[in-house]
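What follows is one structure encoded as structure tokens, with my remarks underneath.
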């Protein structure tokens, strides 16, 4: 048994804040990093710099908005699902699943929902309902699962500095909170709240009205653990928010115990991940974050990059459960 550190970070523009991302990866060294709000198309994802920093990655980009990615230190995550099931006409890049070291990692960027009431809030609630249904399937699979990301919901009044200015915001609406409560009722553990049951702990500080300077924050980035997982520790890398050109979010993380090692089987019996040549090289001689950002290594062959970045999941495949789908792919079907 060994530990695995899993983090979630709304980067708010992966190209704009690439240096911030690389500095954080070098300093905190999470084993898995779930990113949201890439705000970049698939071809614009900085895979060369991320590989130079010692991480493999899968990503699901979108022009100008949204976008999610899963990074794994020293390995390539094994993609299980791209897009949340339940709405074939939903083209927004908000959900990604991968297997890393025997754990299924779900990375999400739940819709903000503002202004409310209105179509955007309706979309938020509909997306939340789809997540609740899919999370139940993940919960029932019996596999160790971590659902991580920007949920765009403040669970309780204890998760915000003051509700007065936010009463009409979609993040605090009773419907949003009820959806989150129903999600937890399936048996998921809110890692940060379990680690700090009585403390004010935030992951988001608005750019406006001196919210960072006065520690006027909200907790909207969450890591949910299935019952199979044992938590060692959890926290927020608050220092990242104070850096120059920072995102308005800070990374949140959890350390869990996992069985076996990277060679163990993951979801559906598929190998969890394998070390890439770039990852091995970076592990042997770690590349400083600033150098990784300034000097790009040789890019992957175009055919390989397109295969990973431009992959579109057929509708028939999206409807297969993650476990069954991984098994089918492992058997060569």
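Glycine too: its Cβ is placed from the backbone N, Cα and C atoms.
Per TrEMBL, the features are:
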- 109: active site (ACT_SITE)
- 10, 37, 150, 152, 248, 249: Mg(2+) binding site (BINDING)
- 265-281: compositional bias 'Low complexity' (COMPBIAS)
- 282-298: compositional bias 'Basic residues' (COMPBIAS)
- 221: site 'Important for catalytic activity' (SITE)
Where does residue 37 (Mg(2+) binding site) sit in the DSSP three-state scheme?
coil
In three-state DSSP terms, residue 221 (site 'Important for catalytic activity') is classed as strand
Please list, in sequence order, the residues in the chain of residue 221 (site 'Important for catalytic activity') that are at least six apart in sequence and whose C-beta is under 8 Å away from its C-beta.
8, 9, 10, 149, 150, 151, 203, 204, 249, 252
Residue 37 (Mg(2+) binding site) to residue 109 (active site), Cα to Cα, whole Å, comes out at 7
Residues near residue 248 (Mg(2+) binding site) in space but at least six apart in sequence (CB under 8 A):
10, 12, 204, 205, 206, 207, 241
8 Å Cβ shell about 10, 37, 150, 152, 248, 249 centroid, Mg(2+) site members excluded
12, 36, 109, 204, 220, 221, 247
What does DSSP assign residue 10 (Mg(2+) binding site), in three states?
strand
In three-state terms from DSSP, label residue 249 (Mg(2+) binding site) for me.
strand
Integer Å distance between the CA atoms belonging to residue 152 (Mg(2+) binding site) and the residue listed as 'active site'
8
